[in-house]
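K.L.:
Quick one: the structure is below, questions incoming.
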Amino acid sequence: MYFLDVILPIPLKQSFTYSVNNDEAAFLKPGMRVAVPFGKAKVYTGIVFQVHAQQPMGYETKSIDHILDEEPVITPLQLKHWEWMAAYYMCSLGEVIKAALPSAFLLESETIIKLTARNNMEEATLSDDEFVLFEALQHQSSLHINDARSILDRKNIVSVIQKLLDKNIIEIEETVYEQYTPKLKRYIKLAPQFTSEESLRELLDTLTRAPKQRDVLMHLFMLNSQTRKPISSASLQKKSKVTASVIKSLTDKGILEEYFIQHDRVEFSGETSIEVKSLNQAQATALSEIEASFQTNDVVLLHGVTSSGKTEIYVRLIEKMIASGKQVLYMLPEIALTTQLINRLQKYFGEKISVYHSRFSVNERVEVWKNVLNNKAKAQVVIGARSSLFLPFRNLGFIIIDEEHEPSFKQYSPAPRYNARDSAIVLANLHKAKLLMGSATPSLESYHNAKSGKFGLVTLMKRFGNVMMPDIELVDIKEKTRKKQMTGHFSDRLLEEMREVLKNGEQVILFQNRRGFSPVVECTTCGISPQCPNCDVSLTYHQHKNQLRCHYCGYHMAMMQSCIACGSETLDTKGFGTEQIETELKTLFPDYKVARMDQDTTKGKHSYAKLIEALENEEINILVGTQMLAKGLDFRNISLVGVMNADNLLNFPDFRAHERSFQLLQQVSGRAGRTQKRGKVLIQTYNPYHQILKQVSVNDYNAMYKEQLEERYNYKYPPFFRTIKIVFKDKNLARVQNASIWFGQALEIQFKENILGPEPPPIGRIKNKFIMNLLVKIPKSQSLEKTKKYIENVQRSFNSVKEFSSVRINIDVDNY
Ligand code: ADP
Ligand code: ZN
Ligand code: ZN
C-alpha cells in the first residue's frame, strides 16, 4: 500500500494524502494531475506532490478517482518556484497552482461544461461514457460537473470530461472570455491510388474533356513538388483559378481527398518579413554594455527614455538567445500587450512567438502551455502578461521585463498577491537565466537596486533618430480660472495648441485619470451627493447611460431628477471624467473625429485593438483616455499631449503617489512627437509649483529619484524597509475594528513602533464589508522569514478567537 500527497487548488496550506495501489504508485510522478474525492460530495483535480509509504495518522485515506496525465504537466522546477512563491507571499501552494494553471487543467465540482459549436463530430469515436455525457448535453445547454457525476460513475468523471475537452467536443463555460471556435482548415490531396507519376498521367489522359479539372490536378502536382507543406483548398483554388465546384466534383469522383487540420487558435501568418534594423550608435553601445554587464550580473536594468529604441535592443538579445536554442520570456503589463508590439515582434521572429495572457480563452492558453512544456519551436519566445511567469519552461535562457515599473505586475487579489517582476528574478535564478528589466521611469526599488550594485545598470538617454524629448509646459488652471480663460475644462493655452496641431493634420492625445462623465453629483442646496449603498464612495455619473455607477462594486441606478435628501432640483456635477471631456470636445471641435479610450470603451476583445488601429490610420484626430494611453504605444503623428488635470494623481493617499505621478506623466508625455518635429505636452494643474511636476517638465528622473528616496528613508518605506499589509474585512464595523486592534496589539509586542494602524483605507467599505489595514514595516536588519513566522503564529491564535471567526484576513507581502 502506498500513499500519495496531493496539492489541491484551495487556500488550505497542507497537502492531502490518498491511498494508491502498487501500479499507480509506480506510474505517478510529481506534477501529474489526479482527480480526487474531497469532503462529502466534491471532486477536485489535484497535483501529485509525492508518493510514499508513510500511512498518515488519525484518518483513513480515500483512494484517488483517476489519473489524468500520462506525463507531468508541471515541471519539478515549476513546483520549486511555486513553493517559493507560496512561502514568500504567505499563501498556500494550492492557491499558487490555481493561479498558475489554465482552468481547463483543474476541473472540479464547480466547473460548468457545455458543447462546443463544432458539429462535424463523429459519434463513433466516442467511448460509451463520453457518448452518454455528449447526449446529456444535447438536451441541456450546460452541465455542472456534479450533475455529470450523477449521470456517470463517480470514479472516472474527470477523465471522461478531460477526454471530451481534448477532443474539442465540450468546453468549459467561462463568462469572461470570448467564445472559442475551433479553426479547422480544409486541405486537399490526391487520392493514394493516383500519387505515382504513371497513374497520374493516365488519370490526366482520361480528363481531356474536363480541362478545368485537369488544370487543378496539374497545379496540385506542381504545388506538391514545390513544397512539402499541406496544400489548402483555398490556395489550390486560387492557383488554378477555378471555382470550388470544380474541386468538389474531383473529390466526388474520388480523385481528390479532403482532410482537415486543426490550426492553432493563436496562429500567426508569419513568415519573418523584415531584416532586423541596424542599431544606431547609442543603441549599439547600450547593447554591448548590457552584454558586458551580464558577465557579472544576473539582472540588468536598462534605463532608456521613451522612444529610445529599447525594443530593438531586446530583439537583438532575443535573437542571440534563441539561436542558442533557449526559451525566452518577454513580460509586459497586460495593457501594453498591443497588436502593435506583437506585430512588430512577429516580423522578426515569425512563428517562434506565442502570446499568453488572460484575454485569451482557456483553450488558447492550454495550447501555449503544452507548446512551452514540450519545448516546441513555436513557443520559443513567449510574450505575456504577469501570468506567463507560470508557464512550464524547460530551457529558459532569458527574461525581459518591459515597463518594469508598472504596478500591474503586482497581483492584488486573490492570493497569491505576487509581484511578477520580483518572482521572475527567482524564476531566472532557478533556470540560471539572465533577466533584463527595461523602463523609461524605473521603479524606485529597481533603480535603487541598480545603484547599489545589486543589478547592473545601463542607460540610454537619447531618443531614436535624435528626436527631441517633448517640450513640457505647465498650465496654471487656478490662474486661468481667475482670469476667466477656461472653456469647460480646457485652458486657452491648451485650446490654442490643439487648434494649431489639428490644422496641420496632426493628432492630439488628452489624458484624464478618471473614466465616467463626472465623478460626483452634488446638490448645491444641501451639499449631499449620492453614495453607493455597498461601498463608502460617491457614485459616478455616466452620461451615456444616464446612470450613477459605483466603480468598486458595479452597483448602478438611474440618474435622479432631484436631490434624494432635500428634493431640490439643484444637482450639479463636480470633478470630471473622460466621458465629460469627450462631450466638451464634440462641441469645441465639431469638425474633428473624437474617440475615447477607457475601461468602458474597451470591454470587447477587439475594441482596444480597433481604437489603436483607427488612431494609426489617422481616422481619429483627438483621443481622450485614461492611463491606458500611457503604455507602449508608438504613433508617428501625435504632436500634442494634454494632461487635463495632474492634481488628482498627486493627491492620491499612498506613499508611492509621487513616484507614480512622475512615471505616468512621463510615459504619457512620451507619446508625443516621436518623429522629427518636437512634440508638445501641456499639463494643466492647480499647483504648478509642485516638485514632481517641475521634475516631469524638465525630464529629471534623477532629481525625482533622489528626493523620493530621501522621503522613503525618512518615513521608513521601501526600498529601506519591507512592508507587509494585513487587511481585515467584515460586515460589522465594530467587529472588524476590534479584530484589527487585537491583531495589531499582538504584533506590537514584538515589532513595537514598526506596526502602523489599524486604520481604515481611504474607502472604508466595499461591497458591504468594512475594511481595516495594518502595516508591518520590516527593517533590512530584521529577518523577513522570522517576521512572517511571527505573523503566522499571531494569525493562528487569532483564528481561535470565536468572536472574530467571520473576519477575513488578507496578507499582502511587499504590498502596493
Ligand atoms: P522604446 O521602447 O524605447 O519606447 P521603441 O523601441 O518603441 O522605443 O522605438 C521607438 C521608435 O523608433 C520605433 O518606431 C522604432 O521602430 C524606431 N526605432 C528604434 N530603433 C530603431 C533602429 N535601430 N532603426 C530604425 N528604427 C528604429
Ligand atoms: Zn439636496
Ligand atoms: Zn459600490
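Cβ coordinates come from backbone N, Cα and C, glycine included.
According to TrEMBL, the protein has these features:
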DOMAIN    291-460  domain 'Helicase ATP-binding'
BINDING   CYS523, CYS526, CYS563, CYS566  Zn(2+) 1 binding site
BINDING   CYS532, CYS535, CYS550, CYS553  Zn(2+) 2 binding site
DOMAIN    558-732  domain 'Helicase C-terminal'
K.L.:
Among CYS532, CYS550, CYS553, the binding-site residues in the record, which have a C-beta under 6 A from ligand 2?
P.N.:
none
K.L.:
Going through the binding-site residues CYS526, CYS532, CYS535, CYS550, CYS553, CYS563 in sequence order, which have a CB under 6 Å from an atom of ligand 3?
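P.N.:
Among the binding-site residues listed, those whose Cβ sits under 6 Å from ligand 3 are CYS532, CYS535, CYS550, CYS553.
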K.L.:
Whole-number Å only: compute the distance from the Cα of CYS535 (Zn(2+) 2 binding site) to the Cα of CYS523 (Zn(2+) 1 binding site).
P.N.:
20
K.L.:
Other residues with Cβ within 8 Å of the Cβ centroid of CYS532, CYS535, CYS550, CYS553 at the Zn(2+) 2 site?
P.N.:
PRO533, ASN534, VAL537, LEU539, HIS551, TYR552, GLY554, TYR555, ILE766, LYS767
K.L.:
Near CYS566 (Zn(2+) 1 binding site), which residues of its own chain have a C-beta under 8 A away, given they sit six or more steps off in sequence?
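P.N.:
CYS566 (Zn(2+) 1 binding site) has long-range Cβ partners CYS523, THR525, CYS526, ILE528.
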K.L.:
Could you name the residues, excluding CYS523, CYS526, CYS563, CYS566, of the same chain that surround the Zn(2+) 1 site, i.e. Cβ within 8 Å of the Cβ centre of those residues, in sequence order?
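P.N.:
My list of surrounding residues reads THR524, THR525, GLY527, ILE528, SER562, ILE564, ALA565, GLY567, SER568, THR570, LEU571.
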K.L.:
Test of understanding: give the count of other CB atoms lying within 10 angstroms of the CB of CYS532 (Zn(2+) 2 binding site).
P.N.:
25
K.L.:
Other than its own, how many Cβ atoms are within 10 Å of the Cβ belonging to CYS563 (Zn(2+) 1 binding site)?
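P.N.:
Excluding its own Cβ, the number within 10 Å is 21.
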K.L.:
What does DSSP call CYS563 (Zn(2+) 1 binding site) in the simple three-state scheme?
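P.N.:
Its secondary structure by DSSP: coil.
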K.L.:
CYS563 (Zn(2+) 1 binding site): which of the binding-site residues CYS532, CYS550, CYS553 is the nearest Cα neighbour?
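P.N.:
The answer is CYS532.
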K.L.:
Counting across all protein chains present, how many other Cβ atoms fall within 10 Å of the Cβ of CYS550 (Zn(2+) 2 binding site)?
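P.N.:
There are 20 of them.
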K.L.:
Compile a sequence-ordered list of residues in the same chain as CYS553 (Zn(2+) 2 binding site), six or more apart from it, whose Cβ lies below 8 A from its Cβ; state 'none' when nothing qualifies.
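P.N.:
In sequence order, CYS532, ASN534, CYS535, ILE766, LYS767 meet the Cβ cut-off.
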K.L.:
Check the DSSP secondary structure of CYS535 (Zn(2+) 2 binding site), expressed as helix, strand or coil.
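P.N.:
Coil, per DSSP.
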K.L.:
Just name the most isolated of the binding-site residues CYS523, CYS526, CYS535, going by other Cβ atoms within 10 Å of its Cβ.
P.N.:
CYS526
